[in-house]
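Below is one structure, written out as structure tokens; comments come after it.
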Amino acid sequence: MAHKKFFITAEEGLHARPAAALVSEANRFESELSLEFKDTKVNMKSILGVMGLGIPTRSDITIHAEGPDEQEAIAGTSALLLEKGMIDADS
């Protein structure tokens, strides 16, 4: 199992468009991916689960991946969060 922590810096938090892009990116991988916020962990391949977390700005989140392409999944979702301006480059 692989995991990585991030700090959400976008003023709007993890809102609909980047959340949808994150779910789409997660679905590219065979591994099981989950998103954790405040001790609640949801399936990262579910838009309802991700949006249901209501992640505001200045929040710590953790992405967990388990499966044959878990390292690639962490790298891909990390790159997407950076590309969408959700995190800073030093995350």
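Quick reminder: no glycine exception, Cβ is built from N, Cα and C everywhere.
As recorded in TrEMBL:
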DOMAIN    1-90  domain 'HPr'
For the domain 'HPr' (1-90), mean pLDDT (0 to 100): 97
Composition by DSSP (helix, strand, coil) of residues within the domain 'HPr' (1-90): 31 helix, 25 strand, 34 coil
